[in-house]
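Each remark here refers to the structure printed beneath this line.
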Amino acid sequence: MGRFIFISFGLLVVFFFLSGAKGSTCPFHWLPMYGLCYKIFDKLKTWNDAEMFCRKYKPGCHLASLHSKRDSIEFAEYISDYRKGWGNVWIGMWGRKEGLTCEWTDGSSTTYVAWKQNLTDHYLNKDLFCAEIVSYTGYRLWNKQDCKVKNAFLCQCGF
């Protein structure tokens with residue numbers, strides 16, 4: 001009887017590790033949230049180059065999408081802990097100057113936004129804008145920025 005329990009327990013442990021292997025852990029210095037992993041990259045890139053970097057890092061990766069105030073707080077703490085420099089950070093939202101809609105690069109819904117008050121129209125002469133998390137707000141609020149500006153960036157990936 002004891003041997004049966006020992007073998008059953010061993011098989012259960014093996015099954016647990018095999019069934020949870022995909023998507024259950026993030027690499028070192030990545031933030032695990034909602035079954036995805038997030039990482040700040042300090043290399044300064046334009047918004048398009050940052051999105052391409054994320055996509056090339058691993059298939060299915062994109063610039064990060066934030067969907068709640070709780071997300072904003074978690075990311076603000078993570079960025080503050082791991083960002084080596086100072087400055088704004090690209091996220092995966094973009095939009096057109098004409099029109100009221102924005103889109104996430106991963107195709108998820110845009111029901112939550114955290115625009116700072118008195119948005120700076122750095123993209124005024126451009127058709128498109130890209131969203132950045134603003135450093136002087138403690139990385140909690142966003143700004144619309146010219147997509148050609150170079151910033152650090154936050155990628156999201158499934159592992």
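Cβ from N, Cα, C; glycine included.
What Swiss-Prot lists as signal peptide is 1-23.
The disulfide bond annotation in Swiss-Prot covers C26-C37 (among others), and the record cites sequence analysis as its basis. Reduced to three states, the DSSP call for C37 (disulfide bond) is strand. Other C-beta atoms found within 10 angstroms of the C-beta of C37 (disulfide bond) number 21, with every protein chain shown included.
Taken from Swiss-Prot, the feature domain 'C-type lectin' covers 33-156, and the record attributes it to sequence analysis.
In the three-state DSSP scheme, C54 (disulfide bond) is classed as helix. Cβ neighbour count for C54 (disulfide bond): 26 (other Cβ atoms within 10 Å of its Cβ, all protein chains included). Taken from Swiss-Prot, the feature disulfide bond applies to C54-C155 (among others).
Sequence-distant neighbours of C157 (disulfide bond) (same chain, 6+ residues apart, CB-CB distance under 8 A): W30, L36, C37, Y38, K39, C54, Y57, K58, G60, C61. The disulfide bond annotation in Swiss-Prot covers C61-C157 (among others) and is backed by sequence analysis.
According to Swiss-Prot, the feature N-linked glycosylation site maps to N118. Annotation note: N118 (N-linked glycosylation site) sits in a coil segment as assigned by DSSP.
Positions annotated as Ca(2+) binding site by Swiss-Prot: D121, D127, N143. For N143 (Ca(2+) binding site), the Cβ neighbour count at a 10 Å cut-off comes to 20, with all displayed protein chains included.
Taken from Swiss-Prot, the feature disulfide bond applies to C130-C147 (among others). DSSP assigns C130 (disulfide bond) to a strand. There are 28 other CB atoms within 10 A of the CB of C130 (disulfide bond), with all protein chains counted.
With the fewest other Cβ atoms inside 10 Å of its Cβ, the least crowded of the disulfide-bonded residues C26, C61 in this structure is C26. On the backbone, the CA of N143 (Ca(2+) binding site) and the CA of N118 (N-linked glycosylation site) stand 9 Å apart. Neighbour density at the Cβ, taken as the number of other Cβ atoms within 10 Å, is lowest among the recorded positions N118, C155 for N118. Reduced to three states, the DSSP call for C157 (disulfide bond) is strand. All chains included, 21 other C-beta atoms sit within 10 angstroms of the C-beta of C147 (disulfide bond). The Cβ of D127 (Ca(2+) binding site) lies under 8 Å from the Cβ of R96, K97, E98, each on the same chain and at least six residues away in sequence.
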